[in-house]
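S.K.: Have a look at the structure that comes next, please.
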C-alpha cells in the first residue's frame, strides 16, 4: 500500500520579537494536527529555536541584513528592503527544495511570499499577529489619505476628532508611523493590506474580543477570517524562546511583594524612550510609593547603554528593594503573578493579549503604528486600560499608577479585566470560538491542498 504523504505547509514569520512567538504557536498547532511544517527564517535577528520545536523543520534565508541596517535605514525602510531582498531568495529555495510545498502561510509584514506563491500557483493565507481593528484602521488611514481628509499632523484639535464611521477612534489613533514618511508608509500598508487573493486571513485575536472588526474584515476582503487567538493560550502552544535573554530573578523579587501591588513596566522590543521621559517616569514610580518592576532594554532609552543618568533617588529606591530593574523579563509569567496589579506598556498587541489573558489592567503609552489603535480599544471599548497622553511629567505618572493600583477606579478596571480574561479563556477551550476557528482553519487548509 502506498504511503500517504503528509500535507506540507511552509510558514514565513517576520523576524521581530513581537511577531515570531504567535506564528510559532500556530506552527505548533498545525504540526499537532498532522501537517509537515517548514519555517523559513531570516538571517536577520536570527536565534536558533529549532530545539524548542521538535518535528518542525527550519530553513534560513541568507538575506545579508543586520541590526546596523535597521539603524541606518530606519524600521519602515528596513521592512520594505527586507521584502525586496527576500522575494528572489524564497523563490530560489522553493525551486530547488526537495520536498514539495503544498501551502504557504506568511506574516502580514513579510508579504514577499504572496508574490512568490502567485508566481508558483501555490495556495496561501496571510497571518496577522495584529488586532483585527488594526487591519481595518490601516485601510481607513489609506482611504482618508487618498481622499485628502487626513488632518495635518500639527493640527491638534482636528486630530482629536472622531474618524467618520470609525467610532471610537480619533484621527490621532490611526496607525501612523514614527519610523518614516507617509508616502513610504502607504506603500507598506498597500502591500500589507493586499489580502483579497489569499484564501484566508488568520488573526491572533478572538471573536469574543473583536467580533465587529472581524466581521468587517471578512466583508472587506471577501475571504474567510479565522480569529484563532490568543495563540499563546492554545493547548499545543510551545514556548518560543525570546530573542532577548530573560532575567528570571525578578520572579523571586515578586514573591516578596503584596498581592496586586506591583506596577510592571515594559515598552516592548522596539519602542524607544527619550531620557527626559525616562527620568520623569522613574521619579513618578518613586513618588507613587508602589513597588515597580521595570524592563529597560539596553539602548532603549535614547540609545544609551548605561542607566547612570537616572536620578539618585530612583537608584536608592531600587537598592532599598521597592523597585527592580531588568533588561528583559519572562513577561507571561510576570503578568500571571499574584503580585502584579497593573501593566504599563506601549499598547503592542502581544502585550495587550497577554495582559487580557492574565486579567491585569493597563496603563498605555502608545508610540507608533498599531499601538494607538490597541490603546483605544483597551481604554474605550473594553475599558481595561488608561491612556497616558501628552508630555510625560512625574506627577502624571504618579497619579496614573495610584489610580490603577490603589484607587477604587483601578479596582473596577481590574474586575472588568477579570471578566474579559474569563471570556478569552472560554474561547480557547473545546467548543470555544477560537478553538472552533482553529478547527475550521485546519479543515480549510486540508481542502485547499487536496483540491490541487
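Placed from the backbone N, Cα and C atoms, the Cβ positions cover glycine too.
Keep in mind that this is a model prediction, so the values were computed, not measured.
From Swiss-Prot, for reference:
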- 269, 329-331, 346-354, 368-371: UDP-alpha-D-glucose binding site (BINDING)
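Map the listed features onto the structure and describe their local environment.
M.R.: Every protein chain considered, the tally of other Cβ atoms within 10 Å of the Cβ of residue 370 (UDP-alpha-D-glucose binding site) stands at 24.
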S.K.: Translate the DSSP assignment of residue 370 (UDP-alpha-D-glucose binding site) into the three-state scheme.
M.R.: helix
S.K.: For a quick check of packing: other C-beta atoms within 10 Å of the C-beta of residue 354 (UDP-alpha-D-glucose binding site), how many?
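M.R.: There are 21 such Cβ atoms around residue 354 (UDP-alpha-D-glucose binding site).
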S.K.: For the binding-site residues listed here (331, 351), tell me which residue's CB has the most neighbouring CB atoms inside 10 Å.
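M.R.: Answer returned by the neighbour count: 351.
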S.K.: Using DSSP with the three-state reduction, classify residue 348 (UDP-alpha-D-glucose binding site) as helix, strand or coil.
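M.R.: DSSP assigns residue 348 (UDP-alpha-D-glucose binding site) to coil.
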